[in-house]
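Colleague: Let me give you the structure first, and then I'll get to my questions.
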2 protein chains.
Amino acid sequence: MNYPNGKPFNTNKSQVGRTHKGQTHRIDYGGRGMSLENDIEQSNTYYLNHGMAVIHKKPTPVQIVNVHYPMRSKAVINEAYFRTPSTTDYNGIYNGRYLDFEAKETKNKTSFPLNNMHEHQVKHMEACYQQHGIVFLLIRFKTLDEVYLLPYSNFKKFWERHIKEIKKSITVEEMRKNGYYIPYQYQPRLNYLKTVDKLILDESEDRV
Amino acid sequence: MNYPNGKPFNTNKSQVGRTHKGQTHRIDYGGRGMSLENDIEQSNTYYLNHGMAVIHKKPTPVQIVNVHYPMRSKAVINEAYFRTPSTTDYNGIYNGRYLDFEAKETKNKTSFPLNNMHEHQVKHMEACYQQHGIVFLLIRFKTLDEVYLLPYSNFKKFWERHIKEIKKSITVEEMRKNGYYIPYQYQPRLNYLKTVDKLILDESEDRV
């Protein structure tokens, strides 16, 4: 399914942090500034501990090529490569419903660039949507510090527009019209399931 | 969620193949004899291509410590460690239903040893079951070449027996009583969703 890709730096920032090309670098898991990812992780832990939902981030797909087993100590992977994920980063179950979503951040103030998305990820979202899953994107505009839940059903038209090379991005205005704004709250900070409830309600009305 | 563990050799066979301790070894992705895993992968591809379900194996959780970015070529992970998975290996959606399962093979002719399972994986299965997911194990007895689907609801008692150190394994007879035998067929070879249909039917009757 997955295949090694040439640009892990772009596709795996969340996992390896920022590193300058042409040098070896220790990964700083602390301040990697992935606040959307951290917020989602906190929310998922909260949901799990409160028996509300079971949602996990999938591990980064890695092609393991070489493993060393030193005596009396744990195995060391000393050659591996990043693969392009063939699915979204997050999925799980919420009240018997299958949830599937991708989370993206952009520094861009005015729009969300769609080159952030892989075509096979979108294909995966489409397939899950066809199976009646709850499929969406969580998009954070860093500079505005605004997070939106964009249902896949609304995302589709923007993706088609992108494929047809009409427009490469989704403007903030379009996001506000087509997505749900998620206000930060106390606990969990990013309570996106509250917004998922609205989505479920709206989609059930649409589908009836 | 995940944490590095000391025994990747036991927990990641399916990913790294058999390797002798104290030496470096190339991984043979071809004939690694993981026929249950291969069968499931074939079935999942079949289900996806026929719009029947979207089920994927999760990548092996890896703790990436060191990445090198050579000029003009893709990033190389040159230090990483295996983590203990905090969830099961497989999940996805089938007709709007959330599916979650673990797949295990055993060479043991007479019983399935429960030390193959991690406690946090069982906790995960319990949590998914509480959310009304379809949760089960696919267990293959290599020597008998028999595959069984064991619903989590039936697996529970055997796990408790194991925790209380009464019995460390599930006998083949117990598996036949508490699980569903999955016969091999033409395409897909291991059509486990057919058996999931039975499980859904039986559980709906139990829960009504």
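From the backbone N, Cα and C atoms, a Cβ is placed for every residue, glycine too.
The shown structure was predicted, so the numbers you read here are calculated from the model rather than taken from an experiment.
Annotations per TrEMBL:
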type     : residues                             : note
REGION   : A:1-33                               : region 'Disordered'
COMPBIAS : A:8-17                               : compositional bias 'Polar residues'
BINDING  : A:Thr87, A:Asp89, A:Glu102, A:Gln121 : Mg(2+) binding site
SITE     : A:Lys104                             : site 'Transition state stabilizer'
Colleague: At a 10 A cut-off on CB-CB distances, which of the binding-site residues A:Thr87, A:Gln121 has the highest count?
Modeller: A:Thr87
Colleague: Please list, in sequence order, the residues in the chain of A:Glu102 (Mg(2+) binding site) that are at least six apart in sequence and whose C-beta is under 8 Å away from its C-beta.
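Modeller: Those within reach of A:Glu102 (Mg(2+) binding site), by Cβ under 8 Å and sequence separation of 6 or more, are A:Thr88, A:Asp89, A:Tyr90, A:Met117, A:Gln121, A:Met125, A:Leu137, A:Leu138.
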Colleague: Counting only residues 6+ apart in the same chain, whose Cβ is under 8 Å from the Cβ of A:Lys104 (site 'Transition state stabilizer')?
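Modeller: Expected: A:Leu36, A:Phe112, A:Asn116, A:Met117, A:Leu137, A:Leu138, A:Ile139, A:Arg140.
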Colleague: Of A:Thr87, A:Asp89, A:Glu102, A:Lys104, A:Gln121, listed here as recorded positions, which sit with their C-beta under 8 angstroms from a C-beta of chain B?
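Modeller: From A:Thr87, A:Asp89, A:Glu102, A:Lys104, A:Gln121, flagged as close to B: A:Thr87.
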Colleague: Enter the number of other CB atoms within 10 angstroms of the CB of A:Asp89 (Mg(2+) binding site).
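Modeller: Counting Cβ neighbours of A:Asp89 (Mg(2+) binding site) within 10 Å gives 20.
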Colleague: Can you tell me the three-state DSSP label for A:Thr87 (Mg(2+) binding site)?
Modeller: coil
Colleague: Beyond the listed site residues A:Thr87, A:Asp89, A:Glu102, A:Gln121, identify every same-chain residue whose Cβ lies within 8 Å of the center of their Cβ atoms for the Mg(2+) site.
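Modeller: These residues sit around the Mg(2+) site: A:Lys58, A:Pro85, A:Thr88, A:Tyr90, A:Asp100, A:Phe101, A:His118, A:His124, A:Met125.
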